[in-house]
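Per TrEMBL, the feature Mg(2+) binding site maps to Glu134, Asp196, Ile198, Asp199, Asp348.
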Amino acid sequence: MAARVGLLPHAILVSSRALPTPRARVPYPLPPVPSYLRHASSSASRSCRASPRFVAVRAMASGNPYAAELAAAKKAVTLAAKLCQTVQQDIMHSGVQAKADKSPVTVADYGSQILVGFSLKMDVSSGPFSLVAEEDSDELRKDGAEEILEDITDLVNETIFDDGSYNISFTKEGILSAIDDGKSEGGPSGRHWVLDPIDGTKGFLRGDQYAIALALLDEGKVVLGVLACPNLPLSSINNINGNSSGDKVGALFSATIGCGAQVESLDGSPPQKISVCSIDNPVNASFFESYESAHSMHDLTGSIAEKLGVQAPPVRIDSQAKYGALARGDGAIYLRFPHKGYREKIWDHAAGSIVVTEAGGIVTDAAGNDLDFSKGRFLDLDTGIIATNKELMPSLLKAVQEAIKETNQAASLL
């Protein structure tokens with residue numbers, strides 16, 4: 001990628017290199033690819049080329065009924081990760097993370113959602129396309145949003161150009177329409193892609209962990225999930241802060257129903273099968289929880305750990321990277337207990353939950369019920385979410401329910 005200058009308040013300044021004139025700027029939604037190519041200028045008539053890496057994944061995944069969707073999902077989140085890495089590097093170089101201005105992460109959120117939806121439409125959408133995602137274009141259509149819309153447009157187009165998989169660029173109106181592809185409500189019938197374009201916003205701003213999390217619902221069930229974790233070590237997390245010892249970073253987790261879970265590097269190492277840890281004594285277990293106390297009740301999770309006899313301190317990292325780390329055995333337990341009144345969204349757990357379950361783990365609510373992703377954009381569940389291996393789940397559930405009961409009793413006395 002050409003050199004980029006840093007961030008200014010309310011703006012991301014992209015490279016001064018102009019986008020090549022042969023690349024046609026087209027509105028959105030896209031017409032079918034053959035029609036688009038016929039309408040492109042003659043100098044832009046080269047066909048969209050698929051990444052050889054993902055073609056290989058398709059061939060390797062024979063027997064997987066969702067092989068094509070898995071390949072497209074990996075390609076989509078990897079493309080979005082490139083945009084997010086660019087923005088995060090700019091944030092770190094400019095010091096914006098210390099300011100009240102959140103426009104950089106806004107640009108990355110929108111840009112990631114656009115690229116994932118666009119890539120899926122190009123590669124696997126043969127019928128109605130449904131995307132349940134976090135962002136919509138309402139704020140960008142208001143007066144005063146012109147500059148940030150321009151930033152998003154430039155960054156999306158530059159990312160597409162640098163990647164080279166597609167010969168296309170977006171107009172500003174096309175950007176707005178692409179964002180609104182994510183307005184689907186999901187539900188129990190049909191197929192719905194579920195996306196969190198940047199899971200772990202505060203981690204993203206700090207330069208720490210975040211994830212692009214994409215899942216596929218088929219008739220209300222999660223059948224596929226991918227997690228792009230650009231800052232997660234490819235090997236195991238080996239200390240309580242979730243940092244590596246200089247090992248390669250950038251992990252891509254994936255799973256399809258009945259086919260197990262895998263991890264590979266974001267830049268294309270061979271996939272490796274993963275499984276949850278086999279620890280059966282909670283004394284030897286460690287547990288993951290949210291980095292931010294505002295996102296999860298650390299007092300409650302501490303009480304649960306004490307009841308289990310867990311000796312290790314909690315591993316606190318942002319985003320669904322926790323699910324990926326749990327799935328490959330970096331820790332034994334994941335606890336999430338949001339504060340009262342918070343409603344869990346399906347995009348915060350759909351991809352991560354299938355990665356864990358296909359790695360041999362169990363993900364339930366605090367009462368031991370399976371998570372139900374068929375009810376729309378929100379999860380209706382009991383109190384919180386827990387995940388671990390089959391050996392530890394009975395004792396974990398017991399400790400969770402005892403700790404919740406004590407917490408509720410204490411609250412009733414106030």
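Here the Cβ of each residue, glycine as well, is placed from N, Cα and C on the backbone.
Excluding Glu134, Asp196, Ile198, Asp199, Asp348 themselves, the residues of that chain whose CB lies within 8 A of the CB mean position for the Mg(2+) site are, in sequence, Leu195, Pro197, Gly200, Thr201, Ala211, Ala213, Ser319, Gln320, Lys345, Trp347.
Counted within 10 Å of its Cβ, the other Cβ atoms near Ile198 (Mg(2+) binding site) come to 29, all protein chains included. Remark: of the binding-site residues Glu134, Asp199, the most isolated position is Glu134 (fewest other Cβ atoms within 10 Å of its Cβ).
In sequence order, Ala133, Glu134, Ala211, Ile212, Ala213, Gln320, Lys345, Trp347, Asp348, Ala351 are the residues near Asp196 (Mg(2+) binding site), counting only same-chain partners six or more apart with C-beta under 8 A. Counting every protein chain shown, 22 other Cβ atoms lie within 10 Å of the Cβ of Asp348 (Mg(2+) binding site).
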